[in-house]
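Chemist: Here you go, one structure.
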Amino acid sequence: KGQLDFVAFEQPGATLPQDTASHHTKSLGEREKSPPQCNGGCFCVSGDGNPKESSPFINSSAASDAEKSQQYDGKNMALFEEEMDTSPMVSSLLSSLANYSNLPTGSKEHEEEENNEEGLGTLMGVYLPCIQNIFGVILFLRMTWMVGIGGVFGSFVIVFMCCSTTMLTAISMSAIATNGVVPAGGSYYMISRSLGPEFGGAVGICFYLGTTFAGAMYILGCIEILLIYIIPQAAIFKIEGLEGAEAEAALLNNMRVYGTIVLSLMALVVFVGVKYVNKLALLFLACVILSILAVYAGVIKTAIDPPVFPVCLLGNRTLLSKGYDVCAKVIEIDNETITTKLWRSFCDSESLNATCDEYFTNNNVTEIQGIPGVTSGILAENLFGNYLEKGVFLEKRGLASDVDPDSPITSSNRYVLSDITSFFTLLVGIYFPSVTGIMAGSNRSGDLRDAQKSIPIGTIAAITTTSTVYMSCVVLFGACIEGVVLKRQVRVSGNLVIGTLAWPSPWVIVFGSFFSTCGAGLQSLTGAPRLLQAISRDGIIPFLRVFGHGKANGEPTWALLLTASICEIGIIIASLDAVAPILSMFFLMCYMFVNLACALQTLLRTPNWRPRFKFYHWALSFLGMSLCLSLMFICSWYYAIVAMGIATCIYKYIEFCGAEKEWGDGIRGISLSAARFALMRLEEGPPHTKNWRPQILVLVSVDADQNVEQPRLLSLTNQLKAGKGLTIVGTAVQGTFLDNYTEAQRADQSLRKLMEMERVKGFSQVVISSNLRDATSHLIQVGGLGGLKHNTVMVSWPRNWKQPEYHQQFRNFIEVVRETTVASMALLVPKNISSYPSNGERFTEGHIDVWWIVHDGGMLMLLPFLLRQHKVWRKCKMRIFTVAQLDDNSIQMKKDLITFLYHLRIDAVVEVVELHDSDISVYTYEKTLIMEQRSQILKQMHLTKNEMEREAQLIHSKNASTPTSPTSPTSPAGPAGGAATWTDNRGADKGKNLFAASPESVKDLFNMKPNQSDVRRMHTAMRLNELIMKKSKEAKLVLLNMPGPPKNRVGNENYMEFLEVLTEGLNRVLLVRGGGREVITIYS
């Protein structure tokens, strides 16, 4: 029946709860021959290599017979006892769910460190890690330069664009993350489970490479701060005294050497244990927050008392601070004019009549305040950008400069020159990494107390905070600092530009940024190997499988080694400005697919798409996706093409044997090819629980004029089709194909017409057979094509089944129930179908009540959810009732059920109804007796004419042969079908020959005693009906588990009677039987 086997986790710290373990001992034992390889807490691969989602649900052939008998001991649930092995009581399902823990991959130390009893909250688990990952090296090292080059307006546009992209991505991510339980693997897990393994693998690798290169970028930032601002004398390749390209080369070589050393040390720390990284994380975060507060404090201080920060200009060109001691050409000492160091650097001698540089002679030297303060009005000057070529003078706007265009440029090493050629797209590429890091919270989903609540709130709050800080920084830097100071990429008189602004000391920023880069680097080196391990363990990229292995405690050793090696590539590139766009590409690609996944899920309306986070829309996701794509090409079109190439190669590699194309007559050929390919792909295996949707075969009957008798069946089908999926409307025509073909055509036309009227998208199918019973059976067997087959049958309740002329109809109905059970299909039986609403009606209020008595795959949960997507039922609230037996803890059951529904993302009111053992009433006893007597009489009345003649012949011959023996045994001739299980044989024998025997046998019939199991079943039906009538009489629709039919055909009438009693007095009832497989899941 497509059962989901329960597989234990092979993970440290993942314990199997006691009762779950006992329920599943057998299925685990059976598999000892081939131990399961578990991948990342989401799929467990059993010995045959088929990944199965580990689940605490039913259908594990595990519970022992003794336990099963306990589950339905007592007379209350007798109606459902024949199928208890496949459909357990709800109480036993809930107890196993409550104790079920789904731990993500992670090291033992990590679990002990992070997973305290209740897990992390929003602040510690999502908000702070996101803030730490988002604020980083770019804010401290490149933000002021970006404002100087791009201007306040241009920089604000860049910041706003990048922050909008991450905010839209966070909205899409929140929707995906709250659509079920997200185990470890964060974004990779979310995308691969939404878009399939090919996209998931491609994006997972992109995200992994992005995180790895981010590690390289943070390490480079860390070295830049160390060598330029903290201990310049530690440089191996001396920078002092070198100019231009030589100085740059020396700096890059230092970066390479020290970067490799720091990378090795960081990898060692990560290898020794994650707990150290987590302990240091808070310290590093505190440094970052202090630094940012110091900047704000400095800005406020500039309004009152601007710092003394002189900048010397010659004409409008900025001079290097090491080229002068005093900002003047000459100074007066004791009435004597003396030339300064500045004079000496531009002239050939110290004397006043020396030959000097022409520009020096023609222009005056002025000293301006580098940080004039927030009230100075410098903002107007810094409003617009000024992009520069490499090696161009940094000039102050608004100052006069006397320059001869024909004279050659001399003494350029005395001025401050621009470091690199800058343009708008370069700034975007360099800045974008400073808004990445939004996945930090979702990557820790396994450690969170309530991931579905924390991830959206924490991530969106973190992005709002960081975006506010970034945007305010852009404006404040432009309002406080002189443009020529902002444009300097490296240090200004030994300090960071942002450090000079900070209060109380520049060292706060220097050390703050140093520790922030160290912390972020360690986080990247911790996160990337785990991501690679999750991808490797999924087994979708075969050559990466080796990286799934690690230390005994689950620490990804091999993955760490590969990460460090890739990180080294970034360090060999050595330039922060060259590495930043690389990781921008990979992150943008990842974010683009997160948005795509959300948009597709929303537009496809899969039944499993029920995010708790409601503030998303497909248009927002598409906007986010477009922004990501635009930014990729804005940053660097050639990197974008390379990143897409890598992703495409991985996609194709995973797909490996892709679609073979077949071009026919244009579009139709493509459609045919695509349809065939899709059908072949569907054939590969049963759908995953998340993709399960009701593919309905609606069985309708037609009258003599070939018109459909129950048109409302199609209205109900339309209302259920919020989950899209397949619909086949089938009917049967009695006769032979040759004689009745035109009737069949007419029936088909009337089906299509009705389908069009009721807006049911699907196919019609008419089968001709010598009897209706076989025709219905053929429809159930052969409907659909390949993987596009129905998995659910809908048939209406036979209305007048008690009247003799309708007997064949209810027998057919019971055979349909049996056939769907054998074929593992779900069955929906609407009772009183004529009272169901048409598509035009609207319920403005009311309830859909679910009576969940046994768990047979979750159909009962899914159907109301699908119905409420339709405008007819949208305003109805959902209530779930479940029945507690005498020994169940109803308070605990209610708690467990609320938790279960929370994970299923289904909003419903929960009520646990107690059904205590009570004595069987006289009324029940009498009702059962009348039912059995009636069925016996009916059997006798339904003896066919032939049987009667045969019986008469038999009696005649017996009387002729043994006239002296009136007590001869009579020959039992009853309807075919063997011994009964639901009716007692003794009773049956007593009333066998009603027409042929003496009046005594008729008297015996009325003296018969009812069968005990029938009495128990009748008792269940009546007690449940009392409860349902009490609670759900006013409900717009009642959904109810449908008990299985008797194993034997003799109890058919009794079965119908039990169902009649169970649903008596209810207006609209939908009886539901599951198909023996899970159709609903708590997983994302």
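Placement of Cβ uses the backbone N, Cα and C atoms for every residue, glycine included.
For reference, TrEMBL lists these features for the protein:
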REGION    1-42  region 'Disordered'
DOMAIN    126-299  domain 'Amino acid permease/ SLC12A'
TRANSMEM  153-182  transmembrane segment
TRANSMEM  202-231  transmembrane segment
TRANSMEM  257-274  transmembrane segment
TRANSMEM  280-299  transmembrane segment
DOMAIN    417-697  domain 'Amino acid permease/ SLC12A'
TRANSMEM  420-440  transmembrane segment
TRANSMEM  460-481  transmembrane segment
TRANSMEM  582-603  transmembrane segment
TRANSMEM  615-640  transmembrane segment
DOMAIN    711-828  domain 'SLC12A transporter C-terminal'
DOMAIN    843-1084  domain 'SLC12A transporter C-terminal'
REGION    957-984  region 'Disordered'
COMPBIAS  960-981  compositional bias 'Low complexity'
Chemist: Report the listed stretch (202-231, 420-440, 460-481, 582-603, 615-640) having the maximum count of Cβ pairs within less than 8 Å of the transmembrane segment (280-299).
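Modeler: Comparing 202-231, 420-440, 460-481, 582-603, 615-640: 460-481 has the most Cβ pairs near the transmembrane segment (280-299).
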Chemist: Quickly jot the same-chain residues contacting the transmembrane segment (202-231) by Cβ under 8 Å, restricted to those at least six beyond its ends, or write none.
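Modeler: For the transmembrane segment (202-231), the nonlocal Cβ contacts are 136-138, 140-141, 185, 187-188, 191-192, 195, 251, 254-255, 258-259, 262-263, 266, 433, 436, 439, 490-491, 494-496, 499, 510-511, 513-514, 517-518, 520-521, 524-525, 527-528, 531-532, 534-535, 541, 563, 566-571, 573-576, 579-580, 582-583, 585-587, 589-590, 593, 643, 646-648, 650-651, 654.
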Chemist: Taking residues 6+ outside the transmembrane segment (460-481), which of them lie with a CB under 8 Å of any CB in it?
Modeler: 122, 126-127, 130-131, 134-135, 139, 143-144, 147-148, 151-152, 155-156, 159-160, 163, 166-167, 170-171, 174, 292, 295-296, 299, 302, 370-374, 376, 378-379, 382-383, 434-435, 438, 441, 497-498, 501
Chemist: Averaged over the whole of the domain 'SLC12A transporter C-terminal' (711-828), what is the pLDDT?
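Modeler: Mean model confidence (pLDDT) across the domain 'SLC12A transporter C-terminal' (711-828) is 88.
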